[in-house]
Amino acid sequence: MQWCSSPPGGDRLPFPYVTSFIRNTLLTHEPGRAAGHTIHPFFFFLQICIMLSFALTIVRHGETQYNRDKLLQGQGIDTPLSDTGHQQAAAAGQYLRDLHFTNVFVSNLQRAVQTAEIILGNNLHSSATEMILDPLLRERGFGVAEGRPKEHLKNMANAAGQACRDYTPPGGETLEQVKTRFKKFLRSLYQRMLEEHGSGDQCPASTSGPSEPEQPRIAGLANDGVQKVPVHALIVSHGAFIRVSVRHLVEDLQCCLPAGLKMSQVFSPCPNTGISRFIITLRREESGPRASHIQCVFINRKDHLDDVKL
């Protein structure tokens, strides 16, 4: 059984018991009283420590020669970055250089690994941050279409009477399978973030209870949304995977979007080293961590590519 850290003025208590107590009593009775009994100081402590907000920045890998030639790579073709891809990754690294990434998660395909290494190599605060390679972040598998022109996939989809985005070539992953991979990654990410950063040190000084995070300030800068968010995870992944992930965050998890952001932009293809950012607030529950609030800060930003020759 998992145990909570020692509360102010009290003994340690089993976490499942605490969350059950809060759900059944603390959150449904007057402050300071529960079922006719004085609430242990620990429950007020946990009430303000039950949430953790962190930033999640998602970057697509830099260009490969296959990208330039409009050939599908998927998972079976593991190509390195092109010269342009190296420049794009360096530009992304310079753009993000002043941010501190507490956690870094990367697809284990070399185009993503190289991009992450270049980004971290340009970063002033995160060069020593451990880079965790996770196959859950791999590109969508395109089966027999891998290595072939994208136009070939469109022709296969047309022959099957389906839209190209929804079509699954023989041996490939369905969009639902890709989403399942992302959901599995999110569960492990939430657990890790709470274990590593969900200590009492993250709790606000106020005793008024947890509240939803403030709306992020968006000024077109690299640190948009993270000025007051010390915990920050970086993901480096792939175009089709990122597109499915963003759709899950927006449609299934009801992510809040910035004012004026068009849905056509939200679901548009991510360019090489395109950058998206979300602020996720986690709530500890007896069944495990859950995202109680997700705020999109921006989608597919590519300001850093203005000076890169494509």
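Positions of Cβ are set from backbone N, Cα and C atoms, glycine also.
What TrEMBL records for 39-59 is transmembrane segment. Look at TrEMBL and you will find R60, H61, G62, E63, T64, Q65, Y66, N67, R111, K150 tagged as substrate binding site. Annotation source TrEMBL lists active site, tele-phosphohistidine intermediate at H61. Annotated active site, proton donor/acceptor per TrEMBL: E139, in sequence order. Annotated region 'Disordered' per TrEMBL: 197-218, in sequence order.
Across the residues the record lists as binding substrate (R60, H61, G62, E63, T64, Q65, Y66, N67, R111, K150), the two Cα atoms farthest apart are 19 Å from each other.
Here the C-alpha separation of R60 (substrate binding site) and E139 (active site, proton donor/acceptor) works out to 10 Å. Rounded to a whole number, the C-alpha distance linking R111 (substrate binding site) with the residue listed as 'active site, tele-phosphohistidine intermediate' is 6 angstrom. Nearest by CA distance to E139 (active site, proton donor/acceptor), out of the recorded positions H61, G62, T64, Y66, is H61. Neighbours of Y66 (substrate binding site), defined as other CB atoms within 10 A of its CB across all chains, total 17. Neighbours of T64 (substrate binding site), defined as other CB atoms within 10 A of its CB across all chains, total 23.
Sequence-distant neighbours of the residue listed as 'active site, tele-phosphohistidine intermediate' (same chain, six or more apart, CB under 8 Å from its CB) are L81, G85, A89, S107, L109, R111, A112, Q114, T115, V236, S237, H238, N272, T273, listed in sequence order. Within the group of binding-site residues (R60, R111), the Cβ with the highest number of other Cβ atoms inside 10 Å belongs to R60. Sequence-distant neighbours of G62 (substrate binding site) (same chain, 6+ residues apart, CB-CB distance under 8 A): L81, S82, T84, G85, H86, Q87, Q88, A89, A92, R111, Q114, T115, I118, N272, T273.
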